[in-house]
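Taken verbatim from Swiss-Prot:
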BINDING   Gly14, Ala15, Gly16, Lys17, Ser18, Thr19, Arg120, Gln156  ATP binding site
BINDING   Ser18  Mg(2+) binding site
BINDING   Asp36, Arg60, Gly82, Arg139  substrate binding site
Amino acid sequence: MAEKRNIFLVGPMGAGKSTIGRHLAQLLHLEFHDSDHEIEQRTGADIAWVFDVEGEEGFRRREAQVIADLSEKQGIVLATGGGSVQSKDIRNHLSARGIVVYLETTIDKQVARTQRDKRRPLLQVDDPREVLENLAETRNPLYEEIADVIVKTDEQSAKIVANQIIEQLGF
């Protein structure tokens with residue numbers, strides 16, 4: 001890989017973007033970044049606090065700035081937030097500045113992977129499955145729209161998925 005290409009991971013919460021991203025970056029000797037973690041670093045607060053104080057709109061503004069900044073770098077793997085693709089500007093940034101990999105997963109797997117995670121503000125409701133179904137309906141077409149590669153993450157370990165991505169990208 002002569003040119004340092006960026007790899008942007010998109011997909012719903014619970015797809016494994018952060019875990020797979022770390023493995024992928026390590027295997028390819030690239031920097032790993034997580035947009036949610038970067039927001040927390042910049043604000044000095046967790047995502048739930050940002051949602052509580054600034055609402056989803058404030059969070060999305062911060063997310064757009066973080067992704068714009070990070071996507072300017074070269075040679076990174078970036079795990080994006082599940083809702084980041086709702087912004088046309090973010091979709092354009094990602095498409096123009098690297099390879100977009102959509103990590104696809106089922107609602108059942110999302111529920112299993114996120115059920116005990118209290119750091120996901122959108123799922124702190126009585127019926128998280130319904131929320132995930134509604135999000136999938138609006139977001140999945142957006143993930144597909146910008147994806148250069150689609151990889152299913154349900155039945156594989158993060159290491160195996162990272163290797164599948166490398167294989168599909170021809171690295």
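Cβ atoms here come from the backbone N, Cα and C positions, even for glycine.
The record assigns Asp36, Arg60, Gly82, Arg139 to the substrate binding site, and the maximum Cα to Cα distance across that set is 18 Å.
Apart from Asp36, Arg60, Gly82, Arg139, the substrate site neighbourhood in this chain, defined by C-beta within 8 angstroms of the site C-beta centre, holds Met13, Glu63, Thr80, Gly81, Gly83, Ser84, Val85, Gln86. Its own atom aside, the Cβ of Gln156 (ATP binding site) has 15 Cβ atoms within 10 angstroms in the protein chains shown. The binding-site residues shown are Arg60, Gly82, Arg139; of these, the one with its CA atom nearest the CA of Lys17 (ATP binding site) is Gly82. With respect to Gly82 (substrate binding site), the closest of these binding-site residues in Cα terms is Ala15, chosen from Ala15, Ser18, Gln156.
Here Asp36 (substrate binding site) is positioned 13 angstrom away from Gly16 (ATP binding site), judged by their C-alpha atoms.
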